[in-house]
Amino acid sequence: MSTARFIKCVTVGDGAVGKTCMLISYTSNTFPTDYVPTVFDNFSANVVVDGSTVNLGLWDTAGQEDYNRLRPLSYRGADVFLLAFSLISKASYENIYKKWIPELRHYAHNVPVVLVGTKLDLRDDKQFLIDHPGATPISTSQGEELKKMIGAVTYIECSSKTQQNVKAVFDAAIKVALRPPKPKRKPCKRRTCAFL
């Protein structure tokens with residue numbers, strides 16, 4: 001009997017985008033109603049994907065700037081990153097390429113990224129958008145465009161509250177970690193010799 005392969009999956013993104021809620025929703029099928037910054041403990045579970053058992057280790061990180069020095073310590077040994085932004089926050093969307101991709105490429109440049117748009121249930125919630133005039137909905141096409149811009153392997157939108165696509169996020173992360181994309185090879189420059 002072979003031992004299960006361990007996959008370290010690290011969630012990254014701005015504070016309050018829903019990283020912890022997504023992890024709690026996935027691991028316990030419940031949605032926390034109160035916002036408590038980064039209270040999720042590291043979690044490990046055996047998961048069967050495509051007939052193979054993997055031990056999935058989930059690591060939560062704090063997005064707040066107070067943790068800029070500590071957060072990268074959790075990146076070591078990561079097999080895949082879940083890079084999250086809120087589908088109702090333009091600032092969190094822009095920080096994907098302004099802050100998070102530069103940080104991930106600096107500390108873990110070869111680790112694949114799954115881009116995740118969270119709070120899908122609120123994007124089309126007219127009452128929420130009326131009550132929160134600062135909320136700016138991000139479209140699916142904007143998410144796909146961002147995926148291409150940052151070189152993410154895939155893009156998934158989810159709602160931790162309704163659990164829509166939450167399992168799909170983690171299934172994608174596992175599949176990406178098991179079969180990471182081949183790095184793009186740079187074309188070789190042909191060297192020419194000139195005999196004089």
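Cβ atoms are placed via backbone N, Cα and C, with glycine included.
Computed from a predicted structure; not experimentally measured.
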Q. So which range, 17-25, 35-43, 107-115, 152-160, gets flagged motif 'Effector region' in Swiss-Prot?
A. 35-43
Q: Please report the DSSP secondary structure of GLY13 (GTP binding site), reduced to three states.
A: strand
Q | Least surrounded among the binding-site residues, given as THR61, GLN64, when other CB atoms within 10 Å are counted | A | GLN64
Q) Using a 10 Å radius around each Cβ and counting other Cβ atoms from all shown chains, which of the binding-site residues ALA16, LEU120 yields the largest count? A) LEU120
